[in-house]
Amino acid sequence: MKTLKIAIQKSGRLNEKSVELLKNCGLSFENYKSSLISPVSNFPLEILFLRDDDIPEYVQDGIADLGIVGENVIEETEVSVAYLQRLGFGKCSLKIAVTNNSDITDLSGLNGKSIATTYPAILSKFLKKENIQAEIRTISGSVEISPGLGLSDAICDLVSTGGTLKSNGLKPFADVMSSEAVLIGSKGSENDELIQELIQRIQSVLRAKETKYVVLNVEKANLQGVLDLLPGVKSPSVLPLAEEGWVAVHTVIPERDFWSRISQLKQAGAQGIVVMPIEKIIL
Ligand code: ATP
Ligand code: MG
């Protein structure tokens with residue numbers, strides 16, 4: 001039987017979440033920090049731990065069948081791969097930022113200026129699209145200090161909370177792209193049976209993450225009012241309670257819907273509300 005290879009980041013911002021996702025898919029492997037390859041004992045899969053920059057090319061060239069990497073890295077390396085699944089973590093944006101006291105206030109103000117970045121390919125495409133003539137200074141890291149050092153007028157860098165920009169006296173003013181971690185495969189790999197199985201496991205984990213199992217008690221007289229507030233995956237289960245005239249409602253709902261409805265549910269007569277995590281949802 002053939003063994004698939006999936007490339008994930010060896011260390012850095014995506015490592016922990018990538019490992020967690022694969023473990024939640026029921027895959028059993030050692031997360032050796034020192035080795036490059038870790039075999040999965042209960043699925044025909046090997047995990048390759050790599051620098052994230054190398055992942056798109058390894059997948060394009062078929063050295064790895066699958067990879068987990070930020071969209072920003074795929075865009076920058078300009079490879080040809082299939083996007084198989086968005087993974088919902090590693091969210092960030094590539095932004096252009098200037099110093100707080102800069103006289104650059106809009107995109108056209110970048111004409112004739114220099115921008116330091118580790119993402120020259122994405123930035124160059126963006127500037128072309130916006131019809132801006134600016135000099136791109138490609139550097140390999142610590143981009144945020146370059147305006148302070150007089151190396152550039154602006155920077156183009158990844159931002160998640162904005163804290164790093166702020167602490168370096170910078171303010172963002174243009175979004176170049178937004179990004180999250182994605183599962184990629186070589187072109188056509190989506191038709192492979194084993195890859196399909198893995199994608200389905202990943203989807204069931206992602207689905208479960210967004211939803212909660214909710215149990216609550218309500219008087220029969222108020223049941224319909226509570227049910228109207230709870231759109232479930234299927235219709236909710238309603239079970240009688242030992243106390244006459246009361247029922248328990250069990251349902252599965254998206255977490256974001258739940259928090260916005262909690263006060264309405266209480267008003268409608270819901271009591272003893274218990275919210276539980278779900279491990280997997282297999283449709
Ligand atoms: P490697 O050693 O693997 O090359 P790296 O230093 O290039 O690692 P990290 O800083 O670990 O990369 O970031 C990995 C990915 O995490 C980024 O490519 C991006 O998709 C995502 N990410 C999420 N938030 C941020 C952020 N605030 N800054 C940088 N990257 C972020
Ligand atoms: Mg990198």
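Here the Cβ of each residue, glycine as well, is placed from N, Cα and C on the backbone.
The domain 'ATP phosphoribosyltransferase catalytic' annotation in TrEMBL covers 51-203. Residues annotated as domain 'Histidine biosynthesis HisG C-terminal' in TrEMBL: 208-280.
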| field | Per-residue pLDDT averaged over the domain 'ATP phosphoribosyltransferase catalytic' (51-203), given as an integer | value | 96
| What are the DSSP helix/strand/coil residue counts across the domain 'Histidine biosynthesis HisG C-terminal' (208-280)? | 24 helix, 29 strand, 20 coil
